[in-house]
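Trainee: First, the structure itself, so that you have it in front of you.
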Amino acid sequence: MSAFHFEGLVWHWPIAIYLFLAGLSAGAVFFAIMLKHFKLAHEAWHSPFVQAAAIIAPVAVFGGLGILVFDLTRPLDFWKILVFYNTTSVMSMGVLVLMAYQLVLFAWIACVFQRRITQLLGKRLPIVQRLLNWLVKQEAAITGILVILAISLGAYTGFLLSALIGFPLLNNPVLPLLFLISGLSSGAAATLLGGVLLRGNPNGVEVRFIHGIEIPLILVEIGLLFTFFAGLILSGGQSQVAALNALGFGFWGWIFWAGVIGIGLTLPLAFNLWMKVSADRKFAYVAVTASFSLIGVFLLRNFILYTGQMTGT
Amino acid sequence: MQVSKRQFLKGVGALLAGASFYGVTRSPQADSTQAAEATPEIKYAMVHDENACIGCNACIDACREVNHVPDGVSRVKIERSGPFGEYPEQSYRFSRVSCQHCEAAPCVRVCPTGAAYIDKATGIVAVNSDRCVGCQYCIAACPYQVRYIHPETRTADKCDFCQKSRLAKGLEPACVEACPTKALTFGNLKDPESDLVKLLKAKPSYRAKVDLGTRPKLFHIQTIDGEIML
Ligand code: SF4
Ligand code: SF4
Ligand code: SF4
């Protein structure tokens, strides 16, 4: 059986990229909001890390949606998903969340960068100014709703797959939680990487704050992965077959142990723990750790998507 | 703090208003997974008698011709297992793989546009290809792996009990008519006088993957020929 082509495979890597980007966007927004709320407050707009998140979040979600549309067999009919709804369909509800998310995301970005935008505009476009002022007054509500939407979006990437009842590895209650947590950590990593690339201080308060959340997040992710596979194996039957097949010695087994567990979780965790002791963080350190996390999450999405479709009931 | 809480509530209110607006625009076909209020007179089903089937594939050819199914895809397959026994006393088992017209159809539940739907009047699970965007969610969700993308229309397709071709003319499905050994029986589950119900009451039958809760309407009569398999 080849790793990328086998009987019963319906969804290919574009879906994995879509799930990766949607989770990453939600994660980046989540951390940008946390940074502003707990650390930066009104200084948020000139933090390179918040700026990076404000660029990454919309670009990732647009890119993801673009890939999704491109992957339809009838891309030009995409508008039908927006017009027709089905309450029992995770995809339909997810698209609804995605639309609301993008709207609120831009409102939030406008709030955070209001001063900068006002500076740039000067005396021009008074309507935009008034809109901005109005948005800033609603900032608390916008932030609250955006947090809810971001978490929904992150979980949705998992629910999309767990609704496939014919595949025991996907039809698993832990999957949405696993995708939510790994999506958040990929968002954190993308924010860090983008931030230092925008010449943010690799030893700054933002990096320390995000790294502080990252360790518990990685530990939770390892716990979830363990629960995920232990649960499958204990269920017996095709669930056990699916789990052992995925974790075995094939191509995907290597991706899992070396890529997801090794590069994605163990190395960033080790780096993070080591960094606690010695104080100074360098550009290379932050960039490499973040890249490893990103690679790990990206591989996890592909691993779950492909091995999930390998074993049916 | 008081102010921001009020603003938050306002935002939630707006969200709710949006949600109720959405209730108006959602597709009428989409809620078909819920049971219909008025119980319809017709509920079509099919039986495949594996004792009678000789694996000639006449059903596949007839379906292809009548429903214009292009090469490379098929609405029905006959899966063969065996051989059992020593030559020349060898035998095979044949089982039909096609849409099961699930009462609780996963394909209908996941379809984002309501293109996959259950026809409430007949219980047939069908595809409205005008609405289908080709997301393939239904194909992945169907535990029986019987859906495919039609190479010409680029939309999801599968057995519809000949709803648009033969049933519309008051005829039996093409595969049923083509079968030389009368292994296929089609009929109305709600009609106690139908051949289908009489057959189901006369012989024990099984349905595939009932543990998934799909409540399929394709029945199989198991062959006793061949070996006992674990
Ligand atoms: S067998 Fe598959 S395609 Fe047919 S109704 Fe059931 S889930 Fe849908
Ligand atoms: S491929 Fe078509 S019928 Fe199937 S879920 Fe997508 S829109 Fe619905
Ligand atoms: S009932 Fe009609 S559509 Fe279904 S397999 Fe038979 S001939 Fe094909």
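Indices start at 1 and increase along the chain as displayed.
Note that Cβ sites are derived from N, Cα and C of the backbone, with glycine treated the same way.
Automatic prediction, not curation, is the source of TrEMBL annotations.
Pasting the feature list from TrEMBL:
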type     : residues  : note
TRANSMEM : A:15-35   : transmembrane segment
TRANSMEM : A:47-70   : transmembrane segment
TRANSMEM : A:90-113  : transmembrane segment
TRANSMEM : A:140-165 : transmembrane segment
TRANSMEM : A:177-198 : transmembrane segment
TRANSMEM : A:218-237 : transmembrane segment
TRANSMEM : A:249-271 : transmembrane segment
TRANSMEM : A:283-304 : transmembrane segment
Trainee: For the transmembrane segment (A:218-237), give me same-chain residues lying six or more residues beyond its boundaries with a C-beta closer than 8 angstroms to one of its C-beta atoms, as numbers and ranges.
Mentor: 168-169, 172, 174-175, 177-178, 181-182, 185, 243-244, 246-247, 260-261, 265, 268-269, 272
Trainee: With pairs fewer than 6 apart in sequence excluded, do the transmembrane segment (A:47-70) and the transmembrane segment (A:140-165) have three or more C-beta pairs that lie under 8 Å?
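Mentor: Stretch pair does not touch.
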Trainee: Which residues of the same chain, at least 6 past either end of the transmembrane segment (A:249-271), have a Cβ under 8 Å from a Cβ in it?
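Mentor: For the transmembrane segment (A:249-271), the sequence-distant neighbours (Cβ-Cβ under 8 Å, at least 6 residues beyond its ends) are 1, 3, 189, 214-215, 218-219, 221-222, 225, 285, 288-289, 292-293, 295-297, 299-300, 302-303, 306-307.
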Trainee: Does the transmembrane segment (A:283-304) come near the transmembrane segment (A:90-113), with 3+ Cβ pairs under 8 Å (pairs 6 or more apart)?
Mentor: no
Trainee: Residues of the same chain, at least six outside the transmembrane segment (A:90-113), with any C-beta under 8 angstroms of its C-beta?
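Mentor: Long-range Cβ neighbours of the transmembrane segment (A:90-113): 22, 26, 29, 32-33, 36, 44-45, 50, 54, 57-58, 61, 65, 81-82, 84, 131-132, 135-136, 138-139, 142-143, 145-146, 149-150, 152-153, 156, 159-160, 163.
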Trainee: Please indicate, using numbers and ranges, the residues of the same chain that are 6 or more beyond the transmembrane segment (A:15-35) and have a C-beta under 8 Å from a C-beta there.
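Mentor: The answer is 44, 47, 49-50, 52-54, 56-58, 60-61, 63-65, 67-68, 71, 98, 101, 105, 108, 112, 143, 146-147, 150-151, 153-154, 156-157, 160-161, 179-180, 182-188, 190-191, 206, 209-210, 213, 294, 297-298, 301-302, 305-306.
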